[in-house]
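> Mind having a look at this structure? Questions to follow.
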């Protein structure tokens, strides 16, 4: 039964190695609890999604903030976005470096500038003007991220050619190896007790991406969309495919035409798979508190908090529940 | 009567000063002729929109390529995008500097990388790798752009506060002065003889924008969308408003629901005005060759080429025609 408030988070779609499944599941449950506690304390949907995503950025298990995948040059460039369904206000940063919590910087772009997106050095200068501390790049890089980067990058390769040969060309279907390179984008959607809707997404992008690559996450309508009249979506998966079909806005269009959150999510993901051979996943809410966590990838870590229950899962068809107050998972 | 091929261009929505109306009108007619000649010679829709927008970028009368407006620091940072309706492939660059033709670089991103968008220094490094020459920033700056920049920037102002007080906050309605700062984004949509659809948009962005500001133009679904099954849109106007409603994709959704190009354009622009108080304009085509050039701003320079006729206008309700072979305007 739908009810308010509600919050749903994801920790990224893709193939999650077995040894990382447990921590990936635990992290989204914790982030859902943190965001839901904010809602229960009277916080806005925007506050809740910001807190949930901040929590996931700080968790090194995910490809966002600390734990981000590395670019072809071994650096960390992050994209993040927030959107407020009341006013359609949004803020985003793209290809930003040396920031612990890009989602909070995206929110500052929304709240403190007249713009919707700041990129690269411009975003860094804005962060400095806002008093956001610059952190050492090393503090964002985990041993796991460095190991994967080394494994995937041939140091003699031509950067452009390297990307072209990475199974990433438009004509190449997305296979498990390909999707594995992009696990871990994080996101949240929420409806607060007042019926206001918000969403947030944050990512380190694609493993061994080119310098300056901007994916779906920084792009409104692709990596996020929220509208109080319809609902909100935060996606994860093959960023370029998500962009080609403007996945978040697409799913909300289906909901405007009468589909439920789950039907619209499935229809949007099926369209992305058919039309541009892209796999991914989404978390979705509607204004009544109906929600969905759906994916076409092998796995997606997700968790939802509503009423006194915490819902979560990782593999297709999994849907566990536990009391929200129970701090231990199975 | 719709027919193929067809090409429609715009030279930006806003308030165009009287002394610039004539050159603004002449430029879009020329660009429409250039793009249409490409189609008549058997070129693809993608070739045609690239050539038309390149022509407009090279024309100093528009806010794109040479003639771009300046950032708060007096620099030129440009956004551009192309999209191919056959495959939904797209390429974009954001906040790119010292490039004569950002639309051509956007096309290279689409054709030569697995990504959809490269930003800032990353885009510059890609340009270098592709052999695209770096041009002196001075070559992109016109006396007119510098005069407007000086007029609008208080050198003692706080960069963030300056933007906040510029009548650009979400709560402030878009007035003539505000819109005047953003005239001149250029764009093109086309359907070729094979029924393939493409679009391209290019801009210097918003006058006195913050460093690193990315507007609608680099954002798929906002500053461009093309789908062979539905049509294509290239918009212009208040970039942040266009982003909030994902204007290009929105208009194509209306067309998917049975609206004509003109009805969908008017409905999308009306929604943007009502919901987020944003003014702008669009050029639109559908697969049969039906087209529209519509705007809610005071003016939009536009031209369309179809059959043996060139259509054009600047003020609301204006629709002139002349033989496409006539090199002289009225």
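Note: Cβ is positioned from N, Cα and C throughout, glycine not excepted.
Pasting the feature list from TrEMBL:
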- A:185: active site, nucleophile (ACT_SITE)
- A:213, A:214, A:215, A:216, A:236, A:237, A:238, A:239: substrate binding site (BINDING)
> Quick one: give me the count of other CB atoms within 10 A of the CB of residue A:215 (substrate binding site).
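Residue A:215 (substrate binding site) is surrounded by 26 other Cβ atoms within 10 Å.
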> If we take A:185, A:213, A:214, A:236, A:237, A:238 as the recorded positions, which have a Cβ under 8 Å from chain B?
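From A:185, A:213, A:214, A:236, A:237, A:238, the ones near chain B are A:213, A:214.
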> Fewest other CB within 10 angstroms, which one of the recorded positions A:185, A:236?
A:236
> Within 10 Å of each Cβ, count the other Cβ atoms and name the one among the binding-site residues A:237, A:239 with the highest count.
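Per the Cβ count within 10 Å, the most buried is A:239.
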> Can you tell me how far the Cα of residue A:237 (substrate binding site) sits from the Cα of residue A:185 (active site, nucleophile), in Å?
8
> Can you grab the distance from residue A:239 (substrate binding site) over to residue A:185 (active site, nucleophile)? Cα atoms, rounded to a whole Å.
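Residue A:239 (substrate binding site) to residue A:185 (active site, nucleophile), Cα-Cα distance: 10 Å.
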> Rounded to an integer, what is the Cα-Cα distance in Å between residue A:185 (active site, nucleophile) and residue A:214 (substrate binding site)?
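Cα to Cα, residue A:185 (active site, nucleophile) and residue A:214 (substrate binding site) are separated by 13 Å.
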> Return the count of C-beta atoms lying within 10 angstroms of the C-beta of residue A:213 (substrate binding site), excluding that atom itself.
29
> Ten-angstrom check, please: count other Cβ atoms within 10 Å of the Cβ of residue A:214 (substrate binding site), all chains counted.
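Other Cβ atoms found within 10 Å: 35.
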> Looking at the binding-site residues A:216, A:238, which sits with the largest number of other Cβ atoms within 10 Å of its Cβ?
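Of the binding-site residues A:216, A:238, the most buried by Cβ count within 10 Å is A:216.
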